[in-house]
Amino acid sequence: MAQERPACALEPELVQRLLLSCREAKKSAYCPYSHFPVGAALLTRDGRIFSGCNIENVCYPMGVCAERTAIQKAISEGHREFRAIAISSDLQDDFISPCGACRQVMREVNTFLFWEI
């Protein structure tokens, strides 16, 4: 028996804003090595959206992913409660999955992924 997908707690208009924000953030990605732009949009509990993009460095561990950029921006502005995060890439037929470091950070701050891209 197939399981029913849980109802989305976000209003459709808010989902669309998140999707637009992560796609816009992707345009600012600095990815001269991987050529793989990623954008993320993080929704705070009070309805603000913080976006971020991936920023690479020739020294690979010095780069930062879009998800962590958005989370760090929000936290640096005093936000600590989050509802969802949307992530966008140029993949056409697959979902993008956050790396282990991003998953750990999202777990730390209790962020839920929104997989509608």
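Including glycine, each Cβ sits where the backbone N, Cα and C put it.
Cβ neighbour count for Glu67 (active site, proton donor) (all protein chains, 10 Å cutoff from its Cβ): 29. Here TrEMBL flags Glu67 as active site, proton donor.
For Val58 (substrate binding site), the Cβ neighbour count at a 10 Å cut-off comes to 8, with all displayed protein chains included. What TrEMBL records for Asn54, Ile55, Glu56, Asn57, Val58, Cys59, Tyr60 is substrate binding site.
The Zn(2+) binding site annotation in TrEMBL covers Cys65, Cys99, Cys102.
The feature domain 'CMP/dCMP-type deaminase' is assigned by TrEMBL to 13-117. Across the domain 'CMP/dCMP-type deaminase' (13-117), DSSP assigns 37 helix, 23 strand, 45 coil.
Counting every protein chain shown, 7 other Cβ atoms lie within 10 Å of the Cβ of Cys59 (substrate binding site). Compared over the binding-site residues Cys65, Cys99, Cys102, the count of CB atoms lying within 10 A of a residue's CB peaks at Cys102. Sequence-ordered, the extra residues of this chain that approach the Zn(2+) site, with Cβ no more than 8 Å from the Cβ center of Cys65, Cys99, Cys102, are Ala66, Glu67, Arg68, Pro98, Gly100, Ala101, Arg103, Val105.
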